[in-house]
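Scroll down for the structure; my scribbles are underneath it.
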Amino acid sequence: MGDSHVDTGATSTEAVAEEVSLFSMTDMILLSVLVGFLTYFFLFRKKKEEIPEFTKISTTTSSVKESSFVEKMKKTGRNIIVFYGSQTGTAEEFANRLSKDAHRYGMRGMAADPEEYDLADLSSLPEIDNSLAVFCMATYGEGDPTDNAQDFYDWLQETDLDLSGVKYAVFGLGNKTYEHFNSMGKYVDQRLEQLGAQRIFELGLGDDDGNLEEDFITWREQFWPAVCEFFGVEATGEESSIRQYELVLHADTDPAKVYTGEMGRLKSYENQKPPFDAKNPFLAAVTTNRKLNQGTERHLMHLELDISDSKIRYESGDHVAVYPANDSNLVNQLGKILGADLDVVMSLKNLDEESNKKHPFPCPTTYRTALTYYLDITNPPRTNVLYELAQYASEPSEQEQLHKMASSSGEGKELYLTWVVEARRHILAILQDYPSLRPPIDHLCELLPRLQARYYSIASSSKVHPNSVHICAVVVEYETKSGRINKGVATSWLQAKDPAGENGRRALVPMFVRKSQFRLPFKSTTPVIMVGPGTGVAPFIGFIQERAWLQQQGKEVGETLLYYGCRRSDEDYLYREELAQFHKDGTLTQLNVAFSREQAQKVYVQHLLKRDQEHLWKLIHEDGAHIYVCGDARNMARDVQNTFCNIAAELGGMEHTQAVDYVKKLMTKGRYSLDVWS
């Protein structure tokens, strides 16, 4: 955010003042010029419009890169490399599918994590005949690259390397409900062209708010013919099932050498060592788990995780990620329907000995552990999984249906959309509905995607709660079109976490903190306008706690306004007592609550913003207020943004297009921040 630059400049100036006696007058003049230049550079340099600036996230991943992916490709006879920027595993999955496709065209592909290589090696790629670099790049949050693509993004911004002769294609993964739709994919595509690389197929833009799988299939089925035409090659055959991993059973393995749910280092949960991140989560004890709402229709909960002695540091506005576990009942049903012994110790070993990815998940382990902690068994499987599974259906009609849903035909796409996606059929439901489909459990484990961490906005301030992280979440449970009851993996698992523990064991949650740009202004006197209905209030609890703490430290604090929304005051008014107390003691200048179902005509937060438009416009236009919006991206965030545009147009005397630009400039300057999801 913009204020981080102001902070840096202010600190530098103070340091100069303290050291002034140590310099000559000439030194002082030169230093002043330098400070002035740096201040101008950081405060007024033009931001790139394609993708917003953001803070580099530090991780514990080794900074040592592989010597050369080009040399590795030469050594293994590959000519296509598919890089992926993936936060939830989907882009990595698409990259693996593309690299696997290559064999049909007499080519050999490899999927690669850009974090593991020096991308400057791209300039040497033309040394390989018919070489091609493909980039499956997801956009995370508000236009950010994924964590593993951060270094790649930084390199693209800084390099002037000549990439003439490099052939490339890009498929982006994004969500149209977000302001910066597919920013990373668009930026990579544009920047590679600027550096001289040759695009051989049009940029693909997948929309997760629509049907990301269909978007990818549509792009992919046009991509490969274009590759064949460009390089003058022909397809060698139909798509076929090729195992990537072989099953290895371990009869007498030492239990101490078997993974039991760890994400990275073996026994890391027994011997915890900081720093903690996605590959080394901290086991935090649940100290509080209480229901926030009064109604019985939904369960909204507040959890507190103990991070004492972890050395984990967080700031208000950051996200906490938790690794959940699948419902043991679902796991047992899968084992039963497949006739498998879930407690067999096994490994899935990559048949490609040169691959960096030796196993699809930590091995050796048991099927039970894999299905509980490592594999996603509750989301609808993608079409490539159905294609691979079809061979195991002994009933011809079931095999035909599976092949049809995995095809690129219009009828097949429609069937997949209605029968799998919209009906929310997970793998167990598909096995139940297709009685002849009984794949080997090891192949199923190879095909299923990894179970991903779930991210929540932290509902506390580290100034007030340095040793705990608070979570606010709604338990997900719904009936599908097929009449089944589906439950949210993480929220159902968290709901069952009893602070009292079980059988003398504490309730533990594997977690880590991901830094965010959703930050309070550097100056405490800056007014803040917070808009967060439902669980979108979570980060604002931390913001308000921090503003209260600043007041207690004797700091002057600017106006603090909250626009919160829920259904009814006696049903789902979250943190009601806490918010009332903050309002009473003056921390909250205004507490504005929209109850959508307490009157005939529904009232939402945007209606209250419109009601208060004169005061809000003064705070924004004259007093430099910062706006924060948290919650639903599809409807609420869009409606709130439109409301602020309308306020700017009406009270600022602007045309609609000018008002839209005005709000977008607030975003560019870090004065309009979003923490939204769809």
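The backbone N, Cα and C atoms fix where each Cβ goes, glycine too.
Quick look at what Swiss-Prot lists:
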MOD_RES   G2  N-acetylglycine
TRANSMEM  22-42  transmembrane segment
TOPO_DOM  43-678  topological domain 'Cytoplasmic'
MOD_RES   S63  phosphoserine
DOMAIN    80-224  domain 'Flavodoxin-like'
BINDING   86-91, 138-141, 173-182, D208  FMN binding site
DOMAIN    279-521  domain 'FAD-binding FR-type'
BINDING   R298, T535, S596, R597, K602, V603, Y604, V605, Q606, D639  NADP(+) binding site
BINDING   R424, R454, Y455, Y456, S457, C472, A473, V474, Y478, G488, V489, A490, T491, W677  FAD binding site
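On the structure: features taken from Swiss-Prot.
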{"residue": "G89", "record": "FMN binding site", "DSSP class": "coil"}
{"residue": "A138", "record": "FMN binding site", "DSSP class": "strand"}
{"residue": "N175", "record": "FMN binding site", "DSSP class": "coil"}
{"residue": "R424", "record": "FAD binding site", "DSSP class": "coil"}
{"residue": "A473", "record": "FAD binding site", "DSSP class": "strand"}
{"residue": "V489", "record": "FAD binding site", "DSSP class": "helix"}
{"residue": "K602", "record": "NADP(+) binding site", "DSSP class": "coil"}
Composition by DSSP (helix, strand, coil) of residues within the domain 'Flavodoxin-like' (80-224): 65 helix, 36 strand, 44 coil
Other CB atoms, at most 10 A from the CB of S596 (NADP(+) binding site): 16
Pairwise CA distance, S86 (FMN binding site) versus A473 (FAD binding site), rounded so that it is a whole Å: 24
Whole-number Å value for how far G141 (FMN binding site) lies from Q606 (NADP(+) binding site) (Cα to Cα): 22
Where Y478 (FAD binding site) sits in the secondary structure, as DSSP reduces it to three classes: strand
Residue, out of the binding-site residues Y178, Y455, Y478, Y604, whose Cβ gathers the largest set of other Cβ atoms within 10 Å: Y178
From binding-site residues G89, A138, R424, Y478, V489, the one whose Cα lies nearest Y604 (NADP(+) binding site): Y478
Top Cα neighbour of A473 (FAD binding site) in the set of binding-site residues Y178, R298, K602: R298
Neighbour tally for N175 (FMN binding site), based on other Cβ positions within 10 Å of its Cβ: 21
Span of R298, T535, S596, R597, K602, V603, Y604, V605, Q606, D639 around NADP(+) - largest C-alpha separation, Å: 25
